[in-house]
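J.: Pulled these from TrEMBL:
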COMPBIAS  1-14  compositional bias 'Low complexity'
REGION    1-101  region 'Disordered'
COMPBIAS  15-33  compositional bias 'Pro residues'
COMPBIAS  34-43  compositional bias 'Low complexity'
TRANSMEM  115-134  transmembrane segment
TRANSMEM  140-159  transmembrane segment
TRANSMEM  171-192  transmembrane segment
TRANSMEM  212-235  transmembrane segment
TRANSMEM  247-269  transmembrane segment
TRANSMEM  275-297  transmembrane segment
TRANSMEM  309-328  transmembrane segment
TRANSMEM  382-404  transmembrane segment
Amino acid sequence: DNQIPPTQTQSPQLGSPPPPGRARVPASPPARPPARGGRVRGSLPAPRRGEPASLPSPPGSTAAMEKETSNSSDVSASHVGRVRNRRRANEVTTDGNKANGQTLLVSDRNKYKSMLIRTYSTVWMIGGFAFLVYMGHLYIWAMVVVIQIFMATELFNLLRKSSEEKQLPGFRLLNWHFFFTAMLFTYGRFLSRELVNTVSSDHLLYKLVSGLIKYQMFICYFLYISGFVWFILTLKKKTYKYQFKQYAWTHMILLTVFAQSSFTVANIFEGMFWFLLPASLIVINDIAAYLFGFFLGRTPLIKLSPKKTWEGFIGASVTTIISAFLLANVMGRFQWFTCPRKDLSTGWLQCDPGPMFKPEHYYLGDWVPHWFPWKDVFLMPVQWHALALGLFASIIAPFGGFFASGFKRAFKIKDFGDSIPGHGGITDRMDCQMVMAVFAYIYHQSFISPHNFSVDAILDQILRNLTYEEQRNLYEQLGEMLGNLCKADKLAACL
């Protein structure tokens with residue numbers, strides 16, 4: 001008679017005795033044995049100093065029954081587990097202006113303060129850059145070297161551990177040994193002709209420089225292999241992993257950062273136009289992307305850079321391509337930009353700009369409406385090449401910035417440094433410039449530079465492969481050949 005039907009459920013009232021003939025069901029499962037140094041879950045904690053110890057409630061009291069009921073509810077909840085509510089694909093977050101947990105620039109409350117700081121730094125950088133352009137090619141080369149040193153410093157410090165460095169005195173010096181060895185090799189290949197032309201007036205210095213250029217590859221290899229031996233001799237038992245990690249990190253910096261940025265120097269001496277135009281297009285693209293994203297950015301572009309938007313990317317692309325076409329016409333009018341520098345001097349340049357920088361006439365009569373005022377236009381052939389540079393700067397070069405963003409996320413840092421207020425470090429500003437410098441150099445060598453032998457190319461081979469006596473002998477033989485031509489009734493041709 002006292003049994004409860006299986007379809008019926010009863011809950012005992014608080015404080016009532018259990019039904020006759022049934023044993024009390026424990027309110028909580030038996031406690032597990034405590035871990036070493038721990039206590040049983042649910043047991044009373046030890047009283048703090050100065051507080052009275054709390055005594056357990058007597059069995060059968062109302063407080064004890066309430067505690068048992070709460071314990072049973074806690075246990076049942078723990079057995080059920082947590083319920084995770086996943087957002088469906090068609091659901092929208094409460095804040096539509098957020099991407100990957102970060103607020104877009106268009107809805108950032110502090111964006112005007114950040115914009116003021118970035119504008120102030122940008123004006124100073126553009127002003128200093130314009131002054132160096134006015135000073136000449138040698139000063140811009142010095143600027144590039146300083147930038148490379150700052151970039152290497154920021155990247156070397158990224159994986160640096162002070163606890164490990166204390167056990168390896170002089171290990172940081174090894175990184176800079178590899179860096180300056182790479183600098184000597186790269187610039188020795190790019191600027192050998194300009195260096196020889198600079199010292200050609202001094203006989204002793206000319207012989208010294210010519211010998212160094214001839215054996216430059218062997219000298220650089222000897223420096224590198226000495227650093228390799230130095231690294232092996234400094235290996236310590238407890239720091240093997242750290243040392244090899246730093247060795248690989250140093251070579252990655254030299255390949256991905258220094259080698260790419262060194263093409264900038266080659267572009268400078270080919271004609272400042274091929275350095276200044278690509279660098280300006282990257283700056284214009286950055287500024288336009290920031291402004292379009294600042295005022296119109298709503299749609300996130302890529303997860304690696306949550307604040308980049310499609311509106312900023314498209315607006316910057318159109319602005320960059322138009323600017324490339326117009327800037328090429330303006331820069332192509334100045335010989336200071338178009339003439340190549342054949343030595344390391346800082347004087348003014350005068351040269352024949354070549355057909356690439358000479359305006360050509362185009363008649364637009366059938367291509368424009370009758371009311372259009374400009375039917376005849378004069379465009380330089382280099383402007384069409386500038387469109388290719390602008391297209392690369394607006395579509396491909398930004399992926400250098402995306403690569404840097406992913407790199408920073410991998411190391412859980414916001415910026416590579418803090419040397420430029422509002423922008424971060426030097427590496428944060430040079431990520432796209434490195435990609436653009438390599439493309440500008442390859443494009444110039446493939447489509448602009450003549451492929452046939454030139455006087456400069458032949459002289460470069462003579463300086464690299466012939467000794468001073470051999471060069472003098474060649475000069476005398478050329479003189480005899482020209483003299484024979486003149487004796488053969490070709491005086492007018494010789495003159």
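Glycine too: its Cβ is placed from the backbone N, Cα and C atoms.
Note that TrEMBL annotation is computational and uncurated.
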J.: Using a Cβ cut-off under 8 Å, which residues of the same chain at least 6 positions beyond either end of the transmembrane segment (247-269) come close to it?
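T.: Apart from its flanks, the transmembrane segment (247-269) reaches 137, 140-141, 144, 147-148, 151-152, 155-156, 158-159, 175, 178-179, 182-183, 186-187, 190-191, 194, 231, 275, 278-279, 340-342, 427, 430, 433-435, 437-438, 440-441, 444.
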J.: Considering only the recorded stretches 115-134, 140-159, 171-192, 275-297, state which has the highest number of Cβ pairs under 8 Å to the transmembrane segment (212-235).
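T.: By Cβ pairs under 8 Å, 171-192 leads among 115-134, 140-159, 171-192, 275-297.
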J.: Out of 115-134, 140-159, 171-192, which stretch has the largest tally of CB pairs under 8 angstroms to the transmembrane segment (275-297)?
T.: 115-134
